[in-house]
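Some features that Swiss-Prot has for this protein:
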type     : residues                                    : note
BINDING  : G27, N28, I29, G30, S31, G32, K33, T34, T35 : ATP binding site
BINDING  : E52, Y70, Q81, R105, E172                   : substrate binding site
ACT_SITE : E104                                        : active site, proton acceptor
MOD_RES  : S236                                        : phosphoserine
MOD_RES  : S241                                        : phosphoserine
MOD_RES  : S243                                        : phosphoserine
Amino acid sequence: MAEAASCARKGTKYAEGTQPFTVLIEGNIGSGKTTYLNHFEKYKNDICLLTEPVEKWRNVNGVNLLELMYKDPKKWAMPFQSYVTLTMLQSHTAPTNKKLKIMERSIFSARYCFVENMRRNGSLEQGMYNTLEEWYKFIEESIHVQADLIIYLRTSPEVAYERIRQRARSEESCVPLKYLQELHELHEDWLIHQRRPQSCKVLVLDADLNLENIGTEYQRSESSIFDAISSNQQPSPVLVSPSKRQRVAR
């Protein structure tokens with residue numbers, strides 16, 4: 001982080017000007033982020049695709065931090081979120097010669113959704129939360145995190161819960177519906193109600209749809225991304241699937 005601090009003193013940010021047009025894929029656990037990312041595999045020669053670094057969280061020199069966090073959040077929430085911050089920052093600043101980078105989640109959702117939820121439910125003591133906030137402030141001031149468009153895979157907690165049950169990841173076996181409901185509200189506050197700072201536009205997709213019917217939503221977002229790149233402009237502020245418009249209006 002010394003290089004980042006040096007850049008900050010010079011009035012520039014570390015990694016500034018090094019990243020292409022960057023799209024962040026956001027949504028609850030079980031919202032279909034990895035499936036969405038797989039949709040762009042056909043463009044892998046032109047796009048830098050970065051999945052959420054879950055495998056790193058599962059193996060920190062032989063330690064499964066993700067599993068430990070779910071089993072004993074009071075003890076492991078702080079080290080887990082510290083490592084999440086590091087690994088997400090590595091993805092944000094990873095060099096690429098591609099014209100487009102698409103990332104599964106970001107340092108923003110870690111801060112505004114997961115860390116905030118841990119503070120609210122008591123998994124993070126106030127001192128722990130304050131420490132993480134200081135890290136986020138340092139990153140915000142010193143390191144450039146490219147974000148041109150957020151794709152929000154908007155999913156009801158009940159649908160997300162059923163998908164989690166079906167995929168049966170061992171670490172997620174203890175995830176209750178209430179936890180997904182809490183995360184859903186935090187995503188809504190951030191991406192729909194805009195109660196958190198936003199540096200880019202948001203495209204909202206109806207991710208409750210099953211695989212047979214969600215292709216239209218994928219195609220809509222794909223067109224929006226490539227149109228924005230070709231015109232060097234960002235899409236309209238909040239583009240919402242027709243089936244979701246009434247919910248956003250409330």
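Each Cβ is built from the backbone N, Cα and C atoms, and glycine gets one as well.
Remember, predicted model here, so these are calculated numbers, not experimental data.
Overlay of Swiss-Prot annotations on the structure.
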residue : record                 : contacts (Cβ under 8 Å, 6+ apart)
G27     : ATP binding site       : K33, Y152, L153, R154, T155, H187, A207
I29     : ATP binding site       : A160, I164, E172, V175, L180, L183
T35     : ATP binding site       : L211
E52     : substrate binding site : K33, T34, E104, R105
Y70     : substrate binding site : E171, E172, C174, V175
Q81     : substrate binding site : A110, F114, V115, M118, L124, L132
Output field, ATP shell: CB within 8 Å of site CB centroid, site G27, N28, I29, G30, S31, G32, K33, T34, T35 dropped: Y36, L153, T155, A160, R163, A207
Nonlocal residues around S31 (ATP binding site), in sequence order (Cβ under 8 Å, 6 or more apart): L153, R154, T155, A160, A207
Three-state secondary structure, R105 (substrate binding site) (per DSSP): coil
Three-state secondary structure, Y70 (substrate binding site) (per DSSP): helix
Number of other Cβ atoms within 10 Å of the Cβ of R105 (substrate binding site) across all protein chains: 22
Sparsest-packed among the recorded positions, when each Cβ's other Cβ atoms within 10 Å are tallied, from E104, E172: E172
